[in-house]
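Undergrad: Summarising the annotation, TrEMBL assigns 5-phospho-alpha-D-ribose 1-diphosphate binding site to ARG78, ARG103, ASP130, PRO131, MET132, LEU133, ALA134, THR135, GLY136, GLY137, THR138, ASP203. Per TrEMBL, uracil binding site is recorded for ILE197, GLY202, ASP203, ALA204. Annotation comment: TrEMBL describes 5-210 as domain 'Phosphoribosyltransferase'.
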Amino acid sequence: MRTHVVDHPLVAHKLTTLRDERTDSPTFRNLTDELVTLLAYEATRDVRVEPQEIRTPVAATTGVRLARPRPLVVPILRAGLGMLDGMMRLLPTAEVGFLGMVRNEETLQASTYAERLPEDLSGRQCYVLDPMLATGGTLAAAIRFLVDRGADHITAVCLLTAPEGCARLEELLQDLEVPVTVVTAAMDERLDEKGYIVPGLGDAGDRLYGLAE
Ligand SMILES: O=P(O)(O)OC[C@H]1O[C@H](OP(=O)(O)OP(=O)(O)O)[C@H](O)[C@@H]1O
Ligand SMILES: O=c1cc[nH]c(=O)[nH]1
Ligand SMILES: [Mg+2]
């Protein structure tokens, strides 16, 4: 597994406002959207392309287009939904599948409550969207689900990651032969006793969709 922390002053600037407890839900949603587009640029660095012959007004030339089958973007509900538009801005022709997952706040175990994905993902590049990689349980289960269906290339886009979660993800997925990359805006310090990322940004789903108020 490869973890890529995007080191860019605009990412750091937007992330700081995102973390701030005074940031309201509408601003949080906008910043998430902007941050994801910046991360998506890095996350799609190895998206598959194929040659395409075109004519410019001046001459014939060979360029590229996105290869078939199209990439699949998978937001993990609820909080991952806030990342979908930012990702689709760069990959407008991607297909979208959905996974609904929730972490039990006592046991920290992830469970799946909804799934709407193509049955056969053979040969598909998948981009998993989830703002928080905390203990890693949610992302590990989501990635295994996609690989079991045939996905052969996984990139997870996460706003924040915790070192403990990255280590656990690597351990849980060590038997996979599929390349897995995590692209993130920051690797934070640690998890607290409730499994929250420190300093983190709190509960991403609640901050996006306002259920905390
Ligand atoms: O790495 P983990 O320890 O598994 O935790 C991370 C998960 O927790 C949050 O979702 P949550 O369960 O709060 O669901 P929500 O998106 O509906 O708020 C977050 O969006 C991740 O999916
Ligand atoms: O810090 C955390 C950990 C899990 N889920 C969140 O939304 N935030
Ligand atoms: Mg939540």
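FYI, residue positions are counted from 1 along the chain as it appears here.
Yeah, the Cβs are placed from backbone N, Cα and C, and that goes for glycine too.
In TrEMBL, annotation is done automatically, which means it is predicted and not curated.
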Undergrad: Setting ILE197, GLY202, ASP203, ALA204 aside, what same-chain residues sit with their Cβ within 8 Å of the center of the Cβ atoms that define the uracil site, listed in sequence order?
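TA: Result: PRO131, MET132, LEU160, TYR196, GLY200, LEU201, GLY205, ASP206, ARG207.
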Undergrad: Are any of the binding-site residues ASP130, THR138, ASP203 near ligand 3, with a Cβ under 6 Å from it, and if so which?
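TA: With ligand 3 as the reference and 6 Å as the Cβ limit, the list reads ASP203.
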Undergrad: May I ask which of the binding-site residues ARG78, MET132, THR138 have a CB within less than 6 Å of any atom of ligand 2, listed in sequence order?
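TA: If the test is a Cβ under 6 Å from any atom of ligand 2, the answer is MET132.
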Undergrad: Tell me, by DSSP, whether GLY202 (uracil binding site) is helix, strand or coil?
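TA: DSSP assigns GLY202 (uracil binding site) to coil.
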Undergrad: What's the CA to CA span in angstrom from GLY136 (5-phospho-alpha-D-ribose 1-diphosphate binding site) over to ILE197 (uracil binding site)?
TA: 11
Undergrad: What Cα-Cα separation, expressed in whole Å, is found between ALA204 (uracil binding site) and ARG78 (5-phospho-alpha-D-ribose 1-diphosphate binding site)?
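TA: Per the Cα atoms, ALA204 (uracil binding site) and ARG78 (5-phospho-alpha-D-ribose 1-diphosphate binding site) stand 9 Å apart.
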Undergrad: Far apart in sequence but close in space: which same-chain residues, 6 or more away, have a Cβ under 8 Å from ASP130 (5-phospho-alpha-D-ribose 1-diphosphate binding site)?
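TA: Counting only residues 6 or more apart in sequence, the Cβ neighbours of ASP130 (5-phospho-alpha-D-ribose 1-diphosphate binding site) under 8 Å are PRO75, ILE76, ALA79, GLY80, MET83, THR138, LEU139, ALA142, ALA156, VAL157, CYS158.
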Undergrad: Taking the binding-site residues ALA134, GLY136, THR138, ILE197, ALA204, which residues show a Cβ-atom distance to ligand 1 below 6 Å?
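TA: ALA134, GLY136, THR138, ALA204, in sequence order.
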Undergrad: Counting every protein chain present, what is the number of Cβ atoms, excluding its own, within 10 Å of the Cβ of GLY202 (uracil binding site)?
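TA: Taking every protein chain into account, the count is 16.
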Undergrad: Mind giving me a neighbour count for ASP203 (uracil binding site)? Other Cβ atoms within 10 Å of its Cβ, every protein chain shown.
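TA: Excluding its own Cβ, the number within 10 Å is 15.
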Undergrad: Over the domain 'Phosphoribosyltransferase' (5-210), work out the mean pLDDT and round it to an integer.
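TA: Across the residues of the domain 'Phosphoribosyltransferase' (5-210) the model's pLDDT averages 97 on the 0 to 100 scale.
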Undergrad: List the Cα distance (Å, whole number) between ARG78 (5-phospho-alpha-D-ribose 1-diphosphate binding site) and ASP203 (uracil binding site).
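TA: About 11 Å separate the Cα atoms of these two residues.
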